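Chemist: Here it is, the structure in full.
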């Protein structure tokens with residue numbers, strides 16, 4: 001049956017040829033033929049098995065039939081080789097190579113492996129195939145010399161030993177000292193076969209000990225040869241350790257005599273260096289010492305570091321100001337002048353050095369000279385020095401120097417023969433001859449005239465003193481010449497009694513000297529006094545030389561020039577005054593004021609000055625002067641008759657009188673009319689009282705200069721009263737501003753809540769503070785020779801102008817702000833109200849506040865340039881009428897006050913007719929009063 005189905009299969013799928021073949025075979029089988037005898041019955045790689053009925057083919061081991069049947073027949077089926085190497089279980093094992101061959105596989109080991117079964121083993125052969133690693137390193141010579149063999153699975157590797165590098169197939173020695181940084185700093189590298197070693201350089205040692213080492217992590221440390229061997233350089237040298245070596249040097253201040261090789265012991269000697277060639281600063285001396293030096297500042301200098309001896313070259317020697325260290329170094333009546341490295345002592349004017357003392361010995365003393373000589377006058381005047389230098393030959397100086405030399409001749413006769421009697425008569429005659437030629441002096445310049453006048457006055461004074469001091473001159477004398485009259489008196493027993501005065505007269509002039517002045521003058525020996533009166537001297541040393549030449553005064557000399565002197569060292573600052581009574585050359589006019597002036601040689605070359613003397617009394621024929629020193633004196637008449645100033649005086653006088661009347665009426669109004677009394681009228685009252693007192697004192701006391709003490713007191717009160725006026729003006733301005741500002745909120749003056757006591761403390765207290773401070777700082781600032789006011793020649797006037805300028809600025813700002821707020825308020829009210837006739841009145845009141853609050857004082861600042869005259873008239877007119885403005889605004893233009901005036905005049909008392917206050921604001925009354 002099997003054959004039939006096979007035949008059937010092939011019949012359907014094969015070709016006709018194969019069908020015919022199958023039929024033939026089948027026929028043979030049916031005939032009992034052994035098909036296996038035919039070698040072509042089965043395909044290649046198959047075995048044929050004959051059966052009773054047929055046969056079958058079976059593929060050999062390692063092959064598989066193409067039809068997938070284990071037993072098959074007939075051609076068409078092929079036995080295909082099985083690739084055993086593709087099996088997942090790796091038939092040959094690890095580390096092997098499987099090679100497929102027909103019907104089987106051949107196993108061989110990979111390179112580097114071997115098997116006990118041989119190099120090639122057929123799969124299926126007897127035994128077991130296993131590849132194991134071959135250790136190539138066991139083979140001698142497999143790696144080159146100086147290398148190491150490293151076996152690995154299936155292979156090996158050769159690496160050069162440490163210290164060797166590969167060069168192709170050989171290992172050569174590596175020079176580590178060349179190829180890499182093998183040793184640390186300060187070490188030397190030494191190459192060896194296959195290695196290296198390091199050694200520290202000379203003078204250094206390995207930190208780990210030992211002579212040799214390897215590795216950069218090690219270090220070479222310096223060997224301190226100096227500490228290991230203290231005698232290395234010798235006893236007189238200093239051993240200095242260096243890196244890897246040492247050196248020998250001399251101590252500071254010494255030098256080596258020979259060159260020293262570093263790292264070798266010292267050879268030679270150390271010799272001292274003289275550093276003092278140019279090492280100390282200027283103004284110092286250098287002192288060389290063994291191995292060193294030090295600097296010392298010269299006497300009169302001190303080192304900047306405070307040390308007496310120093311070596312620091314940054315230190316300097318600075319001059320010592322001995323005069324500052326000890327202000328009394330030169331003693332009394334002397335001046336100390338610092339000079340580099342020292343100081344100079346000199347005596348004050350009118351003093352001379354005591355010959356028994358010296359600056360060098362520290363006992364420099366000055367004694368008042370009894371009288372001045374030529375050397376005391378020359379240093380004070382440049383003109384005199386020119387004459388002494390021979391420039392008098394110049395035509396411009398000939399006449400002047402002739403007078404100077406003639407005066408010095410008189411002085412030389414007095415000074416050069418101090419022990420010989422002095423002829424006062426002869427000196428007076430010579431001076432008279434010079435005064436006789438006084439008309440020639442008008443050819444001299446102002447400086448030359450004052451210089452010549454000074455030396456002539458000093459010469460006469462010295463001559464009078466010399467006559468009193470010389471033994472033969474101890475007798476009272478009266479010398480009369482045409483141009484000079486002298487009376488001298490020696491005091492014997494006249495001063496034995498207390499309160500006695502010595503009276504001296506000359507040409508109608510008189511000097512009264514109290515005996516207490518004789519005692520205070522510290523006279524030695526028999527004391528004496530002298531008095532002189534010069535004729536014609538007043539014509540040359542006239543009012544042109546007045547120190548305070550005010551443009552507002554006409555000045556004229558109206559007395560002879562007189563002078564007084566007293567023996568003794570002290571001639572000024574006496575406890576009680578010396579009284580001079582000088583006769584007028586012309587009668588004194590009522591409009592004139594007498595000024596006692598003394599000749600001051602410290603101002604330029606000489607000037608008349610009122611300081612030191614006071615006018616005690618002035619009549620038509622005489623003026624009495626009180627001076628605190630012996631001086632040269634004269635009387636200058638001052639009068640204010642210039643047109644412009646006189647007209648301003650009249651305006652000021654009339655305006656002040658009008659203001660006083662108005663202020664008196666305003667004060668009476670605020671005090672007597674109870675209906676108008678309120679917080680505002682109290683403020684007006686205080687301002688009116690201060691202005692009234694200030695103006696009446698100004699009117700009656702500004703020119704009371706006869707008594708300087710009383711004049712200073714008047715000036716102090718004026719200072720206080722005018723300051724109080726301005727402080728109350730400030731209070732008025734602030735209160736007015738607060739009232740207007742509060743109109744925006746409610747028609748009520750909330751500033752009423754400010755207590756009047758506080759306002760009084762401000763208005764009266766602050767001026768007191770200013771005056772006290774001013775008087776303490778500058779007590780001589782009150783009172784001048786021509787008016788009882790603050791001294792305008794110094795900055796003392798700013799004790800008044802400073803506060804005034806500040807208050808004017810504040811008041812002006814507050815008033816501007818007030819007017820701006822008021823304008824807004826008026827614009828916001830009913831238009832009918834704004835058209836009332838009161839608008840013009842309110843505008844007038846607003847403008848008037850400028851004058852009431854003192855803002856017009858700013859006009860005084862603009863009294864300069866071409867507008868000075870206009871500003872002066874405006875300033876004088878407006879400010880003199882300040883009281884009138886106050887009365888006009890606060891009284892006459894106030895309806896309530898006018899009603900009170902009307903009641904007073906008509907004696908009607910209608911208490912029900914009270915109206916509200918006038919002038920919305922600027923009358924300084926409550927807010928909504930009416931005006932009419």
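Note that Cβ sites are derived from N, Cα and C of the backbone, with glycine treated the same way.
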Chemist: Of the residue ranges 631-651, 757-777, 820-840, which one carries the transmembrane segment annotation in Swiss-Prot?
Modeler: 757-777
Chemist: Confirm whether, per Swiss-Prot, residue 896 lies on the same side of the membrane as residue 676.
Modeler: yes
Chemist: Ranges 600-620, 873-893: which does Swiss-Prot label transmembrane segment?
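Modeler: From Swiss-Prot, the annotated transmembrane segment range turns out to be 873-893.
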Chemist: If Swiss-Prot is the reference, give me the range from 596-643, 692-739 marked as region 'GPS'.
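Modeler: In Swiss-Prot, the region 'GPS' feature sits at 596-643.
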Chemist: State the residue range annotated as transmembrane segment by Swiss-Prot; the candidates are 565-585, 796-816.
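Modeler: My reading of Swiss-Prot: the transmembrane segment range is 796-816.
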Chemist: Run through the domain 'EGF-like 5' (222-260) and tell me, per DSSP, how many residues are helix, strand and coil.
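Modeler: Grouping H, G, I as helix and E, B as strand yields 4 helix, 14 strand, 21 coil.
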Chemist: Just give the helix, strand and coil counts over the topological domain 'Extracellular' (703-719), going by DSSP.
Modeler: 12 helix, 0 strand, 5 coil
Chemist: Return the residues near residue 309 (N-linked glycosylation site) by Cβ distance under 8 Å, restricted to its own chain and a separation of at least 6 in sequence.
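Modeler: Residue 309 (N-linked glycosylation site) has long-range Cβ partners 287, 294, 295, 296.
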Chemist: Determine, to the nearest whole angstrom, how far the Cα atom of residue 57 (disulfide bond) is from the Cα atom of residue 48 (disulfide bond).
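Modeler: About 4 Å separates the two Cα atoms.
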Chemist: Counting every protein chain present, what is the number of Cβ atoms, excluding its own, within 10 Å of the Cβ of residue 42 (disulfide bond)?
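Modeler: That number is 24.
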Chemist: How many helix, strand and coil residues does the domain 'EGF-like 6' (272-307) contain under DSSP?
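Modeler: Secondary-structure composition of the domain 'EGF-like 6' (272-307): 3 helix, 16 strand, 17 coil.
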Chemist: Other than its close neighbours in sequence, what residues sit by the topological domain 'Extracellular' (703-719), given a CB gap under 8 Å and a spacing of at least six beyond its ends?
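Modeler: Long-range Cβ neighbours of the topological domain 'Extracellular' (703-719): 593-595, 614-618, 694, 697, 771, 774-775, 782-790, 799-800.
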Chemist: Including all protein chains displayed, how many Cβ atoms other than that of residue 229 (N-linked glycosylation site) lie within 10 Å of its Cβ?
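Modeler: Residue 229 (N-linked glycosylation site): 12 neighbouring Cβ atoms within 10 Å.
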Chemist: Sort out the sequence-distant neighbours of residue 160 (disulfide bond) for me: same chain, 6+ apart, CB within less than 8 Å of its CB, listed by position.
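Modeler: Residue 160 (disulfide bond) has long-range Cβ partners 146, 147, 148, 166, 171.
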Chemist: Helix, strand or coil for residue 363 (N-linked glycosylation site)? Use DSSP.
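Modeler: Looking at the DSSP assignment, residue 363 (N-linked glycosylation site) belongs to neither helix nor strand, so coil.
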Chemist: Out of 36, 98, 189, point to the one nearest residue 499 (N-linked glycosylation site) in space (Cα versus Cα); all of them are disulfide-bonded residues in the record.
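Modeler: Spatially nearest to residue 499 (N-linked glycosylation site) by Cα position is 189.
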